[in-house]
Amino acid sequence: MKTPWKVLLGLLGVAALVTIITVPVVLLNKDEAAADSRRTYTLADYLKNTFRVKSYSLRWVSDSEYLYKQENNILLFNAEHGNSSIFLENSTFEIFGDSISDYSVSPDRLFVLLEYNYVKQWRHSYTASYSIYDLNKRQLITEEKIPNNTQWITWSQEGHKLAYVWKNDIYVKIEPHLPSHRITSTGKENVIFNGINDWVYEEEIFGAYSALWWSPNGTFLAYAQFNDTGVPLIEYSFYSDESLQYPKTVWIPYPKAGAVNPTVKFFIVNTDSLSSTTTTIPMQITAPASVTTGDHYLCDVAWVSEDRISLQWLRRIQNYSVMAICDYDKTTLVWNCPTTQEHIETSATGWCGRFRPAEPHFTSDGSSFYKIVSDKDGYKHICQFQKDRKPEQVCTFITKGAWEVISIEALTSDYLYYISNEYKEMPGGRNLYKIQLTDHTNKKCLSCDLNPERCQYYSVSLSKEAKYYQLGCRGPGLPLYTLHRSTDQKELRVLEDNSALDKMLQDVQMPSKKLDFIVLNETRFWYQMILPPHFDKSKKYPLLIDVYAGPCSQKADAAFRLNWATYLASTENIIVASFDGRGSGYQGDKIMHAINKRLGTLEVEDQIEAARQFLKMGFVDSKRVAIWGWSYGGYVTSMVLGSGSGVFKCGIAVAPVSRWEYYDSVYTERYMGLPTPEDNLDHYRNSTVMSRAENFKQVEYLLIHGTADDNVHFQQSAQISKALVDAGVDFQAMWYTDEDHGIASSTAHQHIYSHMSHFLQQCFSLR
């Protein structure tokens, strides 16, 4: 067994970062600690964002140039030399006042799309207004404007065609100043969705609002159509302004576990054949026969070339998926998807992929592709597939080991770039690697040794052909953004080092972060602790478990954060710990699939066991142990408190699930199967919070929910409240009027964290 790594964030400054091997953390003696007159990180600091972490959000526009917004000017940078020029003046944005929310440059750099009047809908979806700016004429285009309340808009990958969705129908502009061509006419609110996702596809499958995909040179536009006829509606009141005499009612087609699901169709239209005099009929591509035997999902779309596309389909029981590779026949003008180009992915122990099957990355000639799948030991690794599937053909794994590839970032003719957690055998780390395609033993970590104390958790943004890349070091030290050249990995320049924040934090007593593991049943389970300043292992501290614990989640990592836990540790001297038990991700399917078909069991037990293990470390006050979580974390919090373990004094559940039959079909059935007697109904019924109501008499409980939560409906907390009242349990509750799942409006955000802080102060007798 190798020595565990324990990561500390001293004062959070670059020079103060320390990586150690043994507990305790670096300590000051009692006199030095008492003499530390610096202020702490307060609740007001968190709520007002007093200390701002800077990032560097660039947008690549070629293999050697990127755009960056600075002082409201859009600057064009040369990656190699760092020189810049003004691409778009701030005066252009000033025309719209403060209403500009985003911009998008056409691939040929002739036009800029300006977004304003942004109105949020669900997690990813929104409506907005758009104007097109002509860069050659340096003026806005006033002809044939895009309608207000557009739901989605996107440039083609070459040139400057535009596709957009308005009132659930798709339109295409061949030229920005010319009239739009209407592609569909079947769109209907809450019923037929063309080119955009319905609620459940947006939230659980694509993680986006768009269901449009341009081909590489912009000839073809692919799109999905979702039909929610028959999908039951969730409805809730929206109270709005107090002058509204009757509340509004919001309706959303929302399939719950076992309910009628949306159906999906897939089409491709040739935009080069669009004209004002003839009608172009989109061509439909049907799902493979092996998934159309029952309910199924479209779960991935990827263009391979101008006349080849790959589609991934998934059965409703999400342990079987098929990738179909389809080719365009220029003679018959149809799309063919031969069974010899179908690739099947299955899971015998759980579900396909982490949340869905991973996307493929095709070689430039389209003859093969690389994809992250589980190897024979259950670890997610990169495998190479040939386009044409032969009987009994097995893909070739190019990575292997008891660690996981997180994502494929780029594929060139010579190398594949990916992020993994291999380094130091630390699941909560992230580093960038490249591997040679012709020699898989030629693998190199591009980030591991750059700044190993400050940087153990990286993200990357590569240029169009991966000639340059931006590394984003996100922890454990202050975030650092640098630009590199791929040929020799040379660092060309520092883009942002957060030195100003580093200087400010030198005057604040900041907590430290410890990342370590415990061994249970011969398996490593990782945890993190946010420890108070001047932590003294001979003292007893209150402990708050910060839990999520959903399938494929990870809370123990090497990332840097300034959040509520920073305040609790710095000012209130509370240890805030998170533990990744069974069901968590990035450590192999054995751990992740352990909770398959039994949510609310092992992941709940593991949080209780983690608290017991922390108590054994000697510095936790056994009479002051609490737990809190949001969403799935709220469910686990409630199940833990309702277990009657005697370990926890109090807890906070925000927007919790309470019964899995109340949650959406795609997420719930992925892990639980169907709520039918033939499948898994018994466990659906045995995993409710309400069934544990009697045990809440032993704990202090704060239940919180937003009344306009479109995701985890207020119904979930309402049923917990009803069960607790029926059981005669005294508890606290807080609702937030018209707030959704994030409870993120300015006033509600401040109120909820103030309220939760007061609850913990009372529970831990801190005031």
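Residue positions begin at 1 at the first shown residue.
Just so it is clear, glycine is given a Cβ too, placed from its N, Cα and C backbone atoms.
When you check Swiss-Prot, the disulphide partner of Cys455 from the set Cys383, Cys395, Cys473 turns out to be Cys473. Just so you know, the Cβ of Cys383 (disulfide bond) picks up 20 other Cβ atoms within 10 Å once every protein chain is counted. Note: the Cα of Asn148 (N-linked glycosylation site) and the Cα of Cys383 (disulfide bond) are spaced 45 Å from each other.
Around Asn319 (N-linked glycosylation site), the same-chain residues at least 6 positions away in sequence with a Cβ under 8 Å from its Cβ are Thr346, Ser347, Ala348, Gly350, Trp351, Cys352. In this structure, the glycosylation sites under consideration are Asn90, Asn148, Asn521, and the one with the smallest number of other Cβ atoms within 10 Å of its Cβ is Asn521. Rounded to a whole number, the C-alpha distance linking Cys337 (disulfide bond) with Cys473 (disulfide bond) is 42 angstrom. For Asn227 (N-linked glycosylation site), the same-chain residues that are 6 or more apart in sequence and have a Cβ closer than 8 Å to its Cβ are Val191, Ile192, Phe193, Pro262, Thr263, Val264, Lys265. A strand conformation is recorded for Asn227 (N-linked glycosylation site) in the three-state DSSP classification. For the recorded site, Cys473 (disulfide bond), the DSSP three-state label reads strand. Separating the Cα atoms of Cys650 (disulfide bond) and Asn686 (N-linked glycosylation site) is a whole-number distance of 23 Å.
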